[in-house]
Amino acid sequence: MQFAGKKGLILGVANDHSIAWAIAKQIMEAGGECGFTHLPDRPGDDRQRSRRRVARLTDKYENAKFLIPMDAQKDEDIRSVFEYTASEFGKIDFLLHSIAFADRDDLSRDTVETSRAGFKLAMDISVYTLLACTNAARPLLNPGAAVAAMTFFGGEKCVPGYNVMGVCKAALEAAVRYLAFELGPQDVRVNALSAGPIRTLAGRAAGVDGMLELYQQMAPLGKNVTHDEVGRTGAFLLSEMSSGITGEILHVDGGYHSMGSPGRLLDRLK
Ligand SMILES: NC(=O)c1ccc[n+]([C@@H]2O[C@H](COP(=O)([O-])OP(=O)(O)OC[C@H]3O[C@@H](n4cnc5c(N)ncnc54)[C@H](O)[C@@H]3O)[C@@H](O)[C@H]2O)c1
């Protein structure tokens with residue numbers, strides 16, 4: 001029960017495939033209490049589909065303490081989420097940022113053709129929100145608390161098809177290092193988990209279906225990572241077990257990032 005007595009906020013659960021849900025489950029099963037946000041429902045959506053998709057998951061967990069709407073593009077939404085969190089939890093011990101978005105048109109275009117509006121949108125949602133949410137969380141973070149964000153190898157190297165999102169992930173990883181430096185004196189750690197491809201809403205939009213076979217062939221472990229594996233490492237980064245680690249990009253990708261050649265895939269090509 002390494003999260004016994006610990007409380008925190010999970011940003012980015014859309015459904016049961018979401019990486020944020022895989023991480024939250026590990027935390028709650030280890031005794032942690034979580035608050036959740038969901039994308040606001042569209043005006044006029046009386047069925048509240050967005051909220052219900054997440055509530056269906058959180059309702060089953062006693063340690064899921066609240067579920068409130070947040071469009072991370074809106075400063076007032078961020079403010080009210082952290083005010084609500086303060087009123088429910090007082091201080092918090094962890095914050096997970098598992099949010100990204102790019103317009104499909106921009107993702108399907110070559111990076112060189114990214115539109116200005118699409119670039120701003122992708123950078124705003126996928127990068128700036130980490131700064132904004134961490135800043136809003138600052139007064140609430142206990143000494144020893146941890147912040148974690150989700151990234152992908154396409155931020156380090158060119159992964160054709162990942163395109164503008166790769167540019168966003170490079171910026172996100174830089175943001176993690178600056179935040180780690182600035183929050184260090186408060187004894188707060190900031191890290192990112194770089195996951196291999198996982199089938200999720202955002203993942204499919206960014207082309208993971210086409211990457212799964214490649215990872216299976218090329219990664220030293222010869223397989224794709226599972227939701228549970230990413231969930232456990234996310235929980236580790238948000239727990240005291242990782243005290244001493246900050247400003248780090250931790251890969252959970254079967255070792256794919258460590259390869260300098262196609263490895264066993266070469267045998268198949270021969
Ligand atoms: N799936 C993968 O293969 C993979 C690999 C590495 C990293 N990641 C990263 O993991 C994170 C989570 O993605 P996922 O794969 O779990 O997909 P997902 O679609 O389940 O999660 C993305 C989340 O971003 C949220 N979001 C988008 N715009 C928002 C906004 N304006 N305000 C608030 N929330 C908003 C969505 O509601 C959703 O919950 C992302 O940062 C993604 O880039 C995914």
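Each Cβ is built from the backbone N, Cα and C atoms, and glycine gets one as well.
As written in TrEMBL, here are the features:
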BINDING   G12, S18, I19, I99, K169, I198, R199, T200, L201, A202  NAD(+) binding site
BINDING   A102  substrate binding site
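Residues G12, S18, I19, I99, K169, I198, R199, T200, L201, A202, recorded as binding NAD(+), reach a greatest CA to CA spacing of 18 Å. Not one of the binding-site residues A102, K169, R199 places a Cβ under 6 Å from an atom of ligand 1. The separation of the residue listed as 'substrate binding site' from G12 (NAD(+) binding site), Cα to Cα, is 15 Å. Comparing R199 (NAD(+) binding site) with A102 (substrate binding site), their Cα atoms are 17 Å apart once rounded.
Across the fold, the C-alpha of L201 (NAD(+) binding site) and the C-alpha of A102 (substrate binding site) stand 12 Å from each other.
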